Structures are given as structure tokens and as C-alpha cells.
Amino acid sequence: MIRLAALLLLIAALPLRAEEVVMGMSRDSVNITADFDGSEVLIFGAVKREAVIRPDPPLQVIVTVAGPVDPVTVWRKERRAGIWVNADAVEIDAAPSFYAVATSGPWGSVISEVEDLRHKVSINRAIRSVGAPMTISDSRSFTEALIRLREKSGLYQNLFNTVDLRESTLFDTAISMPANIVEGTYQVRVLLTRGGQVVAQHTSEIGVGKVGIERWLFNLSQRQPLVYGLLSIVLAVVAGWGASAAFRAMRSG
Amino acid sequence: MQIYLPIAEVSVNIFLLFGLGGLVGVLSGMFGVGGGFLITPLLFFMGIPPAVAVATGSNQIVASSVSGVLAHLKRRTVDLRMGTVLLCGGIVGAALGIWLFNLLKTLGQVDLLVRLCYVVFLGVIGGLMFIESLRALRRSKRGGRPTRRHHGWVHGLPFKMRFRTSGLYISAIPPLMVGLSVGILSAIMGVGGGFIMVPAMIYLLGMPTKVVVGTSLFQIIFVTAFTTLAHAVTNQTVDVLLALILLVGGVIGAQFGTAVGTRLKAEQLRIALATLVLLVCGKLALDLFLTPADLFELGVGEQ
């Protein structure tokens, strides 16, 4: 109820334009705790407009969530002397660690090729690969492999027809993040399209980070590795000795 | 129940980890092996990054070895003097091994080399142990006494030391060399090295089987502690939460393993270990020779 009220307030406060996006999220941060097993973020919003709704071409909504962008090395195996070894490598310059794209209709009807290229909406476009070494002729297959492998682990998601759009005004969708996501700032984009052309867009952010003991251990391991290493050894020795002592006590008592 | 591991950055089932730790603990107590050669590939199969699996494995081995060695100390089946000599070689070897590992990492292909190391060493040692213990088993069935082997060259070396618990009077050089080479291998392969140490002590140094397990565990504690520290400092890949879960299962398992181990005959113990070593070797070899399901692989280590 409060969310709805806030939304209406937002709509009222917006400056005048043809069609604009007003959006909200069920959370603006994802906390990685000890029992973290993935998370779901609800993304919802409304289209603000001054004029009456144009029925044609129909309004479509695209929602994307992108994780921190990093270079990735993709290896291809080859059989050499009977053994499969990593033979060729292609460094992909920038690939989001997580990418989900949800649409309100089939892919072909929501955005044109040109607009996809311009706004980098599809997974293919979100990955940037400048060039492969001269020795590799089919560098495309490496990019495809990256997408395939990350799709398999739930890090890349094509969610066509999953944005629920009502009366060309209210929309909502749910993006689920798997447990193996990395920390960082996640970019959330909402794009409105008509006839394949982007007519409005809005971006927001979700912070993904470890909290509590997870945060503390991670920081210690990075900042004071020697202390962390000694701590792990002491814990191991104490646990080993403790178990031994406990068993002796159990047998005698 | 799922648990999120802070360093590995994955979520895994906590009971599965307990079970894995327990299984390796039983093996550790029974055979005097750290179980690293099992725990490292198994963690890898669970989706834990290989670098983290290797480093955390060695941390877990510290705990199960401490637990195991205490049981052996009580029964006086640890040759502390021999253990110390092996350990001196082991630490130097581990330092060398870590240096070599980092050198190979800059050259690439370290993953393949580690796996090849596994296949070769597990295959050779498992095979040798299997044949040897099969022979010993046949001999004991016929009622004949096992013939003690004499190594002429071992007795000709200088710096002789008396190892009372083992009943040996040999040069300190062979145990030092054994410790050194096992140290190198343990750092490269991310294992305690018990599966190499145990046969080396039996066949090369001629130590009695009952003393071998305790002494091997004693030596492993220090070498793996050193490796853990080195990994934590150079790569930040030790996941203490993962290690804790594994070691709780592991230390309990080790107690059962030690109890079972004392009831089995030495030949049976050896043949069981040989079979296990060969099984793991076979699985790893298959992975190298069979066409992989996906020819492509994402680079590991960069996040």
C-alpha cells in the first residue's frame, strides 16, 4: 500500500514528457548471509503519460539486470597425444557476471536489431569482445560458449514474455538471482519500446554484498592473510584435538 | 540446508559437506592418508573453485591428522624421531613445490599438469601396492613368513640414526629425501601426501606397517599446516567455513577409522587402500581421455 502511494507520488512529481517510466524494486540491496541461497527481486512500475494511450504500435517493456562487468578467459579443449588439454584461449574484454533480460513479448516484437545494438539489451550485445588472437578464426564460438556456460549455471537468463504489462501502464516482473552471484553493484534498466524503438528508459541499482560473519571472514582473508591463515590452522588443530578428547571421554565415561 | 561459503562464493548443501568430511575422516584414520587426493576432486565436483578446493583441503587435513595422530600417540605407534626427519625434508619440499606451482601458473596449463600428476602417481603407487599386498596375502595364507627386503645402498649411506620405535638403524638421507619429494608433490597436488608417504616408508625405508600410519599422520600435520598458510598468504583461497564443516565430519570419521584400522590385518589394509587409490586414478584418467561434454571452459581464478 505504501509502495503504491509512493509510486503515485512519484508519478505526480515527474516532469512533462510523452511517456516515462516510473519504477520500484522489492529491495535495493541483496545481502549474502551464511544461509544465502539465491534471491528474488521484484521489479515493478508504471508508465506515466500526459496524453491518451496510443494503441498502435503496442507498448512493450524490457527489464534488464546486469552484474559487475569483468574480462573473462574462455578456453577451448583439444585432443593432443590422446589427452584433452586447454589449447586455445580467447579473452573476452567485458562480460557481465550476471545478466537477465525480461520482456513483455517475444524477442522479435519488442526491440529492433538496431536499437538492440545501440542500447546493448540482449545478452549477445551486453558482452563486448574486441578481438581474438590471429590464430583463432572462429572467435564467435567462444562468445557463444561463454553464454551457454553461464546460462547453464543460471547467471545469464533470457526471460521472454515474463514481464506482466497491464493496460499498457502497469508492469511487474521477478528476477531470480542464483547463489553463485558475485558481489558488486547491479544495474537495473527498464526500457519502453514501441514498434521496436526505445521510447523511454530508466535505470536503477541493486547492491549485492556479504554481511555479518561472511563479510568479516572475507575481509580478514583479504586484508590480513597471515592472521587468517594462522586462525584457520589453530581452528583445525583445536577441532582435531577436541574431537579426540571428546571420544576418549565418551569411551571412558 | 544450504550454506554460503564466503571465500569460495558458492552455496552448497551442509549435510553433503558433513558426509564428505566424515568419509575422508574414516579413510584418514584407517590408512594414515590425509584424504586430500579424494577431498580435492570431490570438492571440485561440488562446484567449488579448484584453487579454493586445494587450499581448503589442506586445512581440513590438518584437523583430521591431529585427531588421528592423538589416537596413535596413545598407542605409541608414532616414530617421533623418524617423523621429525621426514618433516624437515617435507617443509623444504613444500616451499619448493609452492614456488614451482606459482611458476607453472604463470606458464598456464597448471590444471592439466596437476591432473597428470594425480593419474601418474596414483596409478603407479596404487598398482605397486596392490601387487605387493596381493603377494603378501598369498604368502600369509600359505603360512610362510614374509621375506624382509634389504636395501644395500640404503645401509651404505652416512649420517646413520637409530629409530627405536621403528626398530631401524639407517642413514638420515633416505627419509629426508622421501620427505622432500612428498613435500614438493603435496604442494603441487594439494594433498597431504600420505598415499605416497605410506608406501615409501614401507617399501623404501622398511618401516613396520603399524608405525607407518601414525608417523605419516604426524608429518602430514606440519606439512599441510605450512601449505595452508602459504595458500592463505599468496592466493587468499582458504575457505575457513568450508574447512570447519569438513573437519567436524572429518575428526569424527577419523576416530572411527582408527578403531576399524586396528582390527584389520596389515595386508588387508594395504589392499583396500590400493584399490581406492586405483579407483580415483581411473576416474581422473577417464576425464583426461574421454571427450568432454563441453569443449569450452571458463578461465578459473579471475573474478
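Glycine is treated like the rest: Cβ placed from N, Cα and C.
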Do you know which of B:83-101, B:273-291 TrEMBL annotates as transmembrane segment?
B:83-101
Top stretch among B:51-71, B:83-101, B:211-234 for CB pairs under 8 A with the transmembrane segment (B:178-204)?
B:83-101
Contact between the transmembrane segment (B:211-234) and the transmembrane segment (B:12-39) is defined here as three or more C-beta pairs under 8 Å separated by at least 6 residues; is that satisfied?
yes
Under 8 Å between C-beta atoms and at least six residues away from its ends: which parts of the chain pack against the transmembrane segment (B:83-101)?
110, 161, 172, 175-188, 193, 197, 215, 218-219, 222-223, 226-227, 230, 234
Other parts of the chain folded back onto the transmembrane segment (B:211-234), taken as Cβ under 8 Å at six or more residues beyond its ends:
28, 31-34, 36, 54-55, 58-59, 61-62, 65-66, 68-69, 72-73, 75, 77-80, 82-83, 86-87, 90-91, 93-95, 98, 102, 165-166, 179, 182-183, 186-187, 190, 192-194, 197-198, 201-202, 261
